[in-house]
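**Q** Among the features that TrEMBL reports, domain 'Acyltransferase 3' is placed at 11-375. The feature domain 'SGNH' is assigned by TrEMBL to 461-684. Positions annotated as transmembrane segment by TrEMBL: 35-56, 77-96, 137-158, 165-186, 198-214, 269-291, 297-318, 330-354, 360-382, 394-412.
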């Protein structure tokens with residue numbers, strides 16, 4: 001179809017530029033470039049295409065050496081990755097809390113071992129740390145690529161003597177992986193995102209295209225040229241190519257290409273080249289504009305950018321869009337530094353977020369992009385390129401040794417719990433204690449799960465089931481994570497010291513509008529459809545079975561601005577509880593600072609966002625009055641408690657106490673310390689008389 005010369009494809013470097021700019025743009029300006037994450041999918045297709053083209057060409061010439069192949073991959077990948085991992089460890093030493101630094105050590109280890117996708121897959125969950133606080137999160141995609149590079153070259157080498165089965169093997173892998181992707185994404189979005197089994201089809205798509213073009217070469221009996229790695233490296237080493245433009249100019253004017261002679265290009269093929277390229281650009285444009293976080297991804301939607309990328313590559317470097325747009329000097333230059341740019345941009349953005357505790361603005365975002373480009377150019381020019389062109393074998397062994405050392409550094413950092421006695425951190429041990437261990441260790445325990453098994457619990461991204469005794473409950477926490485966060489406070493309470501406390505459930509049925517459609521990518525997905533109704537029946541049965549023992553029901557996680565339908569559903573729940581002689585206590589909504597509390601107390605941070613004036617608190621109090629009025633008319637014995645008295649005085653509200661200890665553990669939820677202090681305040685205000693309303697009813 002096209003006149004190819006895969007010794008160097010300037011348009012593919014331009015396509016790399018579009019991919020990396022899409023990803024960087026999405027990460028820095030997520031509300032502006034909503035579909036930019038499809039850049040990773042573009043990278044996958046390009047990688048599968050190029051690596052398969054190189055291997056097929058070398059195998060054809062009896063010039064494929066598996067050790068030489070992996071040596072080149074090491075020289076291509078390791079230098080920039082080593083620098084990135086080492087710099088992240090150095091920066092993390094100074095600004096990360098011990099638990100954060102320990103986690104970074106684990107991520108350095110998995111990044112060095114190319115299994116980051118499995119690590120982040122295992123960490124994913126409702127209470128997982130924010131993505132922006134993981135400087136090496138982006139290495140998940142590199143893990144999938146390298147896992148493919150380990151499996152596919154070996155497999156291709158083994159089946160090369162039976163070339164007829166190669167396309168069938170590729171097709172089988174493609175179909176199985178794509179089928180898994182489409183089926184798994186509806187059941188487990190995280191698994192579909194991180195699993196190599198559900199992602200390999202994208203790299204295989206590129207490999208299939210490479211094989212198709214390889215067959216064209218064989219059918220037209222055109223002698224194969226040297227591999228792109230060989231030819232490009234030799235040209236650069238001889239100094240005959242000083243600029244990418246000069247390199248691709250020589251390639252485009254060569255008489256014979258890797259797959260097809262120029263004599264085969266006729267008007268029909270020439271038109272098809274332009275059509276293929278144009279359609280590819282249209283599909284990528286549609287992907288960038290219409291694919292966003294609300295779509296089920298990867299799934300079916302991932303097919304769009306994959307087809308678009310394949311069509312652009314298939315069109316060849318002579319297609320108008322490829323030649324004029326993708327092959328311009330600026331995009332080629334960005335494409336050449338795309339790998340180090342991808343490596344650098346996310347850690348820089350992540351550390352900026354960690355220090356600020358909030359999303360960055362436009363000016364800061366542009367500055368981060370500029371700094372990332374500078375770091376990428378420096379890494380490419382002074383580290384990556386010189387090492388790649390060095391022909392001495394010891395370089396490969398040295399790179400492997402350094403990578404092993406950095407991996408061990410990450411392992412040691414994690415095993416030492418982030419070095420609690422680092423300089424600047426010795427006085428933060430009490431603060432750090434609020435963040436160590438699991439993201440939230442009061443989610444589930446076996447005592448509760450065995451006593452109250454719920455078959456549908458696996459359908460939820462999180463399921464609370466905690467109890468302190470294997471006995472009938474006397475206190476039940478109802479609601480969502482805002483109810484469950486009270487559990488450690490109740491455990492440490494004198495008032496509730498003799499009680500059996502049960503925290504169970506995840507979605508507050510009173511809050512759910514089952515007529516509303518919620519996408520699987522939405523955090524509220526588990527609370528959509530009929531799930532909350534089934535859950536409510538399950539919990540109501542527990543309540544019925546424990547009538548006589550249950551004394552108190554604490555409800556939390558209410559809407560700040562409730563609808564009439566919401567209040568009506570809440571009343572029905574209260575009626576049910578009171579009919580069963582259970583005292584109802586409602587914890588009103590507390591302030592949501594939307595700020596990472598750690599940014600306010602970590603060294604070198606200038607963040608001041610953990611303190612606010614009383615405007616939001618006063619507004620929240622006014623909104624809560626509508627709930628109090630409506631419920632008090634029909635259920636006058638309900639106790640209301642305003643938790644914001646803990647965070648606010650007469651002048652301001654704060655996420656920390658006067659000693660700097662955090663009331664919050666993230667942007668929304670209380671820390672263990674905050675939970676204990678809140679229940680202490682509840683005890684004092686209740687004056688041990690739970691029949692008394694805690695705050696004045698309007």
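Keep in mind that glycine also has a Cβ here, set from the backbone N, Cα and C atoms.
Just so you know, TrEMBL annotations are computer predictions that nobody has curated.
It should be emphasised that the depicted structure is a prediction, and the values quoted were computed from it without experimental measurement.
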**Q** Determine which residues of the chain contact the transmembrane segment (137-158) at the Cβ level, with the cut-off under 8 Å and only residues 6 or more beyond its ends counted.
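**A** Residues 40, 43-44, 47-48, 51-52, 55-56, 59, 64, 66, 69-70, 73, 77, 81, 107, 110-111, 114-118, 120-121, 131, 166, 169, 194, 196, 199-200, 203, 207, 342-343, 346, 350 contact the transmembrane segment (137-158) from elsewhere in the chain.
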**Q** Give the one range among 35-56, 198-214, 330-354, 360-382 whose Cβ atoms make the most pairs under 8 Å with those of the transmembrane segment (77-96).
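**A** By the under-8 Å Cβ criterion, the transmembrane segment (77-96) pairs most with 330-354.
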**Q** May I ask whether the transmembrane segment (330-354) has at least three C-beta pairs under 8 Å with the transmembrane segment (360-382), counting pairs 6 or more apart in sequence?
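**A** Yes, the transmembrane segment (360-382) and the transmembrane segment (330-354) are in contact.
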**Q** Other than its close neighbours in sequence, what residues sit by the transmembrane segment (269-291), given a CB gap under 8 Å and a spacing of at least six beyond its ends?
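**A** Distal contacts: 1-3, 18, 22, 33-36, 38, 42, 297, 301, 304-305, 307-316, 318-322, 325.
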